[in-house]
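What TrEMBL records for this protein:
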ACT_SITE  11  active site, nucleophile
ACT_SITE  13  active site, proton donor/acceptor
BINDING   11, 13, 208, 220, 225  Mg(2+) binding site
BINDING   20, 123, 134, 141, 179, 181  alpha-D-mannose 1-phosphate binding site
């Protein structure tokens, strides 16, 4: 009987780590045990590779079968870079400038308790926009997350940008504690599936922001994946154990 080819694909923030924190030794060891059991292991996140290194360690390219940065716009397989896709080529400089200028003006008009710096981060495949600014402290992140939950700061800004740039074919995804991503339609986490769909019989995806509007929703619901919703990395360890490790 042929062995099923299985890929376990994990979101990073909130799924393998506490948001913006480093992975624990227990979580990492569980992933290594899963790989040893014959299941291929991959990670997919909206962050760039340097942030994935910060959270998951600098050996991820050799430790995991697949590493997808920026939703798979930067794709690695078994340590080798296989493809880079850029939003710059998709939108063009004039549209990028128009979008950034409008967004900066909108951010300036938002009244929130504190603001720091790095409000717009331009990545290979997306803009990451943060009303408080990405270089706030962890405590300030936690406070903003609570404030945003109550006042819907990010959701209101997303609505404004959707209306203003409706002909740009962009998608908006609120994730993490302080920011949201903006990227071309179809450039969400499902983008990475093109690199794995022909190599596996089953693709399991684990994420924490799986509700509609969350940045794991599209891949969680996708017909090619078996979706698993978790709240913390403890849930992820438990799910891996129940699905695979306890059956060895």
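In case you wondered, yes, glycine gets a Cβ from its N, Cα and C as well.
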Top Cα neighbour of residue 208 (Mg(2+) binding site) in the set of recorded positions 13, 123, 141: 13
Packing count at residue 220 (Mg(2+) binding site) (other Cβ atoms within 10 Å of its Cβ): 23
Candidate recorded positions 13, 220, 225, pick with smallest Cα gap to residue 179 (alpha-D-mannose 1-phosphate binding site): 13
From recorded positions 11, 13, 220, 225, the one whose Cα lies nearest residue 134 (alpha-D-mannose 1-phosphate binding site): 13
Packing count at residue 134 (alpha-D-mannose 1-phosphate binding site) (other Cβ atoms within 10 Å of its Cβ): 17
Around the Cβ of residue 11 (active site, nucleophile), the count of other Cβ atoms that are within 10 Å: 27
Residue 141 (alpha-D-mannose 1-phosphate binding site) versus the residue listed as 'active site, nucleophile' - Cα distance in angstrom: 20
Residue among recorded positions 13, 220, 225 with Cα closest to the Cα of residue 141 (alpha-D-mannose 1-phosphate binding site): 13
Distance [Cα-Cα, Å, rounded] between residue 123 (alpha-D-mannose 1-phosphate binding site) and residue 13 (active site, proton donor/acceptor): 18
Cβ neighbour count within 10 Å of residue 208 (Mg(2+) binding site): 24
Shortest C-alpha distance to residue 220 (Mg(2+) binding site) - which of the recorded positions 13, 20, 181: 13
